[in-house]
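K.L.:
Could you have a look at this structure, given as C-alpha cells, before my questions?
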Amino acid sequence: MEPLLFNSGKANPSQDVFIDVEVGDITTKYGSTNTGSFSSMDTVEAQAIKAETARFMEVPQGRHLGVFSTVVLFVSRIMGSGIFAVPSVILLNTGGNKLIYFAIWVFSAAIAFAGLYLFLEFGSWIPKSGGRKNFLERSFERPRLLISVVFSCYSVLTGYALTGSIVFGKYVLSAFGVTDDSWSKYVSISFIIFAVLIHGVSVRHGVFIQNALGGLKLIMIVLMCFAGLYTLFFYKSTGQVAWDLPVTQVEKDSLLSVSSIATAFISSFFCFSGWDTVHTVTSEIKNPVKTLKVSGPLSLIICFVCYTMMNVAYLKVLTYEEIVSAGPLVGSVLFTKLFGPRVGGKFIAFSIAISAASNILVVIYSISRVNQEIFKEGYLPFSIHMSKNWPFDAPLPSISLCGFITIAWILILPKEGESFNYLVSMDGYGNQFFLLLVAIGLFIWRFKHKNEVPEIRASTFGVLAIITLSLYMLMAPFFADPSLNRVGFLPPYQIMSLLVIVACFFFWLVKFVLLPKFFHYKLLPKITYLHDGLIVTEWVKKPCLC
C-alpha cells in the first residue's frame, strides 16, 4: 500500500508526514494546506501520527486572538447571567447561613483556579482547539473510540447557550417595563438568531462585536465593584437585611442538607464555569500557552473580586425573603432598591441584558468550534456538511446547530420559574462528570509521559481536590428528595444528565461495536480534504470475517 502524504503547508519538506495506515480513499480536491486536526483512527499508529501532525496543523481562520481578546472571551463566558440570577438559589440552598454562603463562593473560586491550571497543563501538552474533548480522547484510548464518541455526542446534544438566553429575555423585558413574561422566550430566540448570523457570516465582525460587548462588560464590572464598596461603607438600610443576621443563623423551615449544599455549589461553580471555554479555540490564539497563562488567572481574579462585591451588595441591601423570592431577577431587584426604579430598574436591567448578550455571543462562538472539531471526527450523521466553513469562511452549520438546540430548549421548557435553576444544575452535573474524567486523565497522561516536563504544571493537590469534590457532587443529589431536583414533566436534573450520557454510550455501542459485529464489517476512517483545507474523517464499511 502506498503511504499517504500530508503536506503541512510549510516550506521545509522535512515536515511532510507519511501515513502508512489503511484509511480509504483521499479526495484530490485541495485548497489551503493550513489544515485543521483530523480524527482518531483505527490503529495505534494513526494515533501517533495524529499527535505528531497536531504540532504544526493550523485552522483556516488563523491565529487572531491576543491577550485582550482572550481575557474578553474568559470574562464574557464566566460573567454572563450567573451573578445576576444564581445568588438567589445559592442562599436558598444554604438556608440563609452567610458563613456557608460565602464559603461556597470562596471554595468554588479555589476549585475554578485548580481546574484552570488542570486545563492549562493539558493545553500546554495539546495546544489545539477542542478543549476537554482532546484531553479525554488522548487519556482514555480504550475501549476504542468510547470516550471520543460519548463526549462528542454529549457535547453536541448539550451545546446550547440557554441560561444566558433566558436571563437576556427576562432582563430586556424588565428594562422596557414589560410585565408579560411570556414574551421573554421570543426576545431570547430573536437574539439567538442574531448571534448565529453574526458569527456565521463573518469571523472577524463576530469577534469585533464580541469584543465591543466584552469591553462594555469590563466597564460594568468596575461599576459593580463600586456598587459593592458603596453598600459596604456608605449605604444605610431602613430595616433588617440579610447582612444584619448572625453569621451562622439558619432560616426556619430551610432546605439546608448535604444535598442542598451540593446543589448550591453546583450553582456557584456554574458562575465560574467559563474557565475551560477558551481551550476550545486554542488553535485561534496567538502563542496559546503564554497567552492563556496570563489571561486565564487574570480573568478569574477579576471575576472573583466582582462576585465578592456583588454578594456583599445583595446581603447589605436585600432581606433573605427578597433575595429568595426574586429568583433570576435578583440583580434587577438589587439595583432598583439601590438607585430607584428609573436608574436601577431600567438602566441596570439593560446593562445586565448587555452582559448576558456578551455571554451568549461567546458561548455560541466557543460551542461552534467544539462542534466543528467533533464533526471533523465523522462520528455523527452529516459530519462532512456540518464541519464546513460554509458559505462565508465561518462554521455556519455548527453555529446554526447550537442556535437550533438552544431555541428548542427554550420552547420545550415549562414556564415555571424553577426552569432556570433546573438547567443550571443539569448543565453543571454533566460538566462535573466530564471534569472528573479530565482530572483522572491528567494523571494517566503524566504516567505515559513521566520523562517529559510540561510548560505549565497543575498542582497535584488541586487536581486531587477536583476528583474528590466531583465524586461528592455526583453522588449527593441522589440523597435528596427527587421532587426538589425536578421541574414540570422532566426527571430530576441528575437523572436527565445521566440519561443523555447513557444514550451517547448506546450510540457508540450500536454503531461501532454491535452493528459491525453482527453484519461482519469493520469501520475504517477515510480522510477527506475540504476546499478550505480542513481535514475531516468519514467512517466507511469494509467487509471482514470478524
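Glycine is treated like the rest: Cβ placed from N, Cα and C.
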K.L.:
Using Swiss-Prot as the source, do Gly296 and Pro454 end up on the same side of the membrane?
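P.N.:
They are annotated on opposite sides of the bilayer.
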K.L.:
Taking helix as H, G and I and strand as E and B in DSSP, count the residues of the topological domain 'Extracellular' (341-346) in helix, strand and coil.
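P.N.:
Final tally across the stretch: 6 helix, 0 strand, 0 coil.
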K.L.:
For the topological domain 'Extracellular' (1-70), provide the mean pLDDT of the predicted model.
P.N.:
43
K.L.:
Within this structure, do the transmembrane segment (189-209) and the transmembrane segment (424-444) have 3 or more Cβ pairs under 8 angstroms, counting pairs 6 or more apart in sequence?
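P.N.:
Judged by the Cβ rule, the two regions do not touch, with the required three close pairs absent.
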K.L.:
Give the residue counts of the topological domain 'Cytoplasmic' (368-393) per reduced DSSP state, in the order helix, strand, coil.
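P.N.:
The breakdown for the topological domain 'Cytoplasmic' (368-393) reads 14 helix, 0 strand, 12 coil.
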K.L.:
Grab the same-chain neighbours of the transmembrane segment (347-367) for me: Cβ-Cβ under 8 Å, and only residues 6 or more beyond its ends, written as numbers and ranges.
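P.N.:
For the transmembrane segment (347-367), the nonlocal Cβ contacts are 72-73, 76-77, 79-81, 84, 159-161, 164-165, 167-168, 171-172, 174-175, 191-192, 195-196, 198-199, 206-207, 209-210, 213-214, 216-217, 220, 223, 274, 277-278, 280-281, 331-332, 335-336, 339, 399, 402-403.
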